[in-house]
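Participant: Structure in structure tokens, see below.
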Amino acid sequence: MAPQLDAYFKSVDDLSSNFVERLSQAVAIPSISAEDERRPDVVKMGHFLKKQLEDLGAHMEARELGQQPHKEHLTLPPAIIGRYPAKKDESKRTVLVYGHYDVQPANLSDGWNTEPFKLTVDEQGRMYGRGSTDDKGPVLGWVNAIEAHQKAGVEFPVNLLMCFEGMEEYGSEGLDDFIIQECKPGKFFEDADVCCISDNYWLGTKKPCLTYGLRGCSYYSIEISGPGQDLHSGVYGGTAHEPMTDLVRVMASLVDEEGNILIPGIKELVAPVTEEEKEVYKNIDFTMDNLYESLGSKTGLFESKERTLMGRWRFPSLSLHGVEGAFSAPGAKTVIPAKVTGKFSIRTVPNMEPADVDELVFKYVNDVFAKLKTKNKLNVSLQHAGKWWVASPNHPNFTAAAKAVERVWGVKPDLTREGGSIPVTLTFEQATGKNVLLLPMGSSTDAAHSINEKLDKRNYIEGTKLLGSYLHYIAEEPMDQ
Ligand SMILES: C[C@H](N)C(=O)N[C@@H](Cc1c[nH]cn1)C(=O)O
Ligand SMILES: [Zn+2]
Ligand SMILES: [Zn+2]
């Protein structure tokens with residue numbers, strides 16, 4: 001395998017400027033799944049990806065997923081699925097890869113130093129742009145790997161099945177049922193031997209990792225309304241119950257300043273931490289400085305790395321995200337908003353069942369609201385939910401990936417869990433019955449979901465080598481599981 005990989009690596013290096021250009025074209029499409037008016041761009045991005053792969057000879061299909069639940073006027077972006085080589089080679093293993101081509105919202109006015117939808121590369125090779133690390137860079141890593149094999153004249157080692165979605169940042173609407181259907185006998189994904197997802201991040205900036213766990217995410221809205229329209233605070237302030245005042249009280253009652261979730265019953269749903277498990281956290285290559293570097297401040301909740309890692313991977317957290325309908329522009333506007341909608345989410349962990357979490361949340365929010373004795377109206381609802389996932393890293397899929405990491409980066413990877421969520425991971429595991437590996441490309445300082453999101457060129461290029469060499473190692477790894 002060594003000469004083949006050497007030739008492949010050289011090809012990746014030779015093509016590196018084409019790969020950056022490919023990422024630049026992808027970042028230029030503002031495929032924001034959460035913004036209704038951007039839906040045509042999400043679809044455009046799906047077709048861009050499809051065309052890139054078709055040009056390399058892959059068999060690709062854009063599969064419609066129907067209308068968006070609760071927003072029936074919107075058509076969901078298609079699942080872009082494919083197979084490379086176009087005709088299955090029965091003598092080779094089949095690897096199913098997943099990624100997403102939608103991105104989080106981004107505006108220059110949020111505080112970006114550069115245009116979010118223009119890939120901007122600085123002198124250190126940091127490639128800034130929305131979606132660069134989450135998840136356009138990693139998705140294009142698979143495309144690049146195919147191209148580099150072709151240009152190097154190196155035989156592609158596996159049958160690659162691909163599933164790319166455009167709604168991951170909005171709860172993967174519509175995808176679960178599609179995956180379940182397509183994993184059935186005779187369908188597109190039926191013959192997967194293993195699955196691989198590149199859509200998370202290293203713990204620090206130096207050491208690659210393989211990831212075997214994710215937190216779930218239950219995302220809620222609290223709508224409070226009262227007045228028939230927005231009001232002048234000079235004329236009506238002091239005469240009416242104000243929705244924003246009620247909402248601030250309800251939201252403040254969800255979590256305290258130390259990050260403790262104040263909803264009764266939530267803590268009891270969490271699996272107890274075992275002594276054996278505590279040892280795992282001690283051995284992870286992570287420092288508080290890694291945290292401070294990626295936070296961009298020293299505002300961590302805990303002093304120790306073990307407690308910090310547990311706060312990210314092992315315990316639930318509740319975050320307040322924003323308020324729709326509230327005055328948020330610069331300057332001063334003396335308005336009383338008539339209807340405000342607060343958004344928050346809970347990251348869930350074993351053994352929290354999403355339905356149990358919902359019940360506790362709804363009861364608590366209604367109880368807190370009732371105590372306010374306000375005449376306004378409350379509506380609390382779940383926007384979307386995805387369950388947590390924890391797997392065993394003792395599988396040839398992980399062994400193959402560890403070999404690839406050592407070959408490309410020259411170090412053994414850490415085995416990590418991830419605080420973020422990729423809702424379909426569990427679906428792939430259950431629907432295929434196969435092992436799922438998370439193989440991250442980007443690092444802890446990439447600022448996914450934040451302003452100035454970036455992917456280091458080194459991570460993109462070496463990451464492309466990593467994805468390709470993983471396919472070579474998985475092709476040869478003994479597997480009876
Ligand atoms: C880890 C992954 N790259 C990611 O960012 N996932 C999102 C998924 C999500 C859940 N609800 C909304 N989006 C995340 O963890 O926030
Ligand atoms: Zn992602
Ligand atoms: Zn994301």
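Glycine is no exception: its Cβ is also placed from the backbone N, Cα and C atoms.
Found this in TrEMBL, in case it helps:
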- H100, D134, D199: Mn(2+) 2 binding site (BINDING)
- D102: active site (ACT_SITE)
- D134, E169, H449: Mn(2+) 1 binding site (BINDING)
- E168: active site, proton acceptor (ACT_SITE)
- D199, H232, T334, R347, S421, H449: substrate binding site (BINDING)
- 214-370: domain 'Peptidase M20 dimerisation' (DOMAIN)
- H232: site 'Important for catalytic activity' (SITE)
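Let's see these features in context: how buried, what's close, how far.
Facilitator: In three-state terms derived from DSSP, H100 (Mn(2+) 2 binding site) belongs to an extended strand segment. For H100 (Mn(2+) 2 binding site), the same-chain residues lying six or more positions away in sequence with a CB closer than 8 A to its CB are D135, V139, F164, E165, G166, M167, E168, E169, D199.
Using a 10 Å Cβ-Cβ cutoff, D102 (active site) registers 27 neighbours.
The secondary structure of E169 (Mn(2+) 1 binding site), as reduced to three states from DSSP, is helical. When Cβ atoms from all protein chains are considered, those within 10 Å of E169 (Mn(2+) 1 binding site) total 21, not counting its own.
According to its DSSP assignment, S421 (substrate binding site) is coil. Taking the Cβ of S421 (substrate binding site) as reference, residues of its chain lying under 8 Å away and at least six apart in sequence are, in sequence order, L214, R215, G216, C217, R347, G386, W388.
Counting only residues at least six positions away in the same chain, the Cβ atoms of T334, V335, I336 sit under 8 Å from the Cβ of H232 (substrate binding site).
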Participant: With respect to ligand 2, which members of the binding-site residues D134, E169, D199, T334, R347 satisfy a Cβ distance under 6 angstroms to one of its atoms?
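Facilitator: Checked binding-site residues vs ligand 2; flagged D134, D199.
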Participant: Between D102 (active site) and D134 (Mn(2+) 2 binding site), how far is it from one CA atom to the other, in Å?
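Facilitator: D134 (Mn(2+) 2 binding site) has its Cα 9 Å from the Cα of D102 (active site).
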Participant: Please give me the CB contact count at 10 A for D134 (Mn(2+) 2 binding site), counting all chains in the structure.
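Facilitator: Excluding its own Cβ, the number within 10 Å is 29.
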Participant: Across the domain 'Peptidase M20 dimerisation' (214-370), what does the pLDDT come to on average, as a whole number?
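Facilitator: Mean pLDDT across the domain 'Peptidase M20 dimerisation' (214-370) comes out at 97.
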Participant: So which of the recorded positions D102, D134, E169, D199 sit close to ligand 3, that is, with a CB under 6 Å from an atom of it?
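Facilitator: Going through D102, D134, E169, D199 in sequence order, those close to ligand 3 turn out to be D134, E169.
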Participant: Can you tell me the CA-to-CA distance separating D134 (Mn(2+) 2 binding site) and H449 (Mn(2+) 1 binding site), as a whole number of Å?
Facilitator: 8
Participant: Which are the residues of the chain, H100, D134, D199 excluded, whose CB is within 8 A of where the CB atoms of the Mn(2+) 2 site average out, their centroid?
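Facilitator: Sorted by sequence, the hits are G99, D135, P138, V139, E168, E169, I422, A448.
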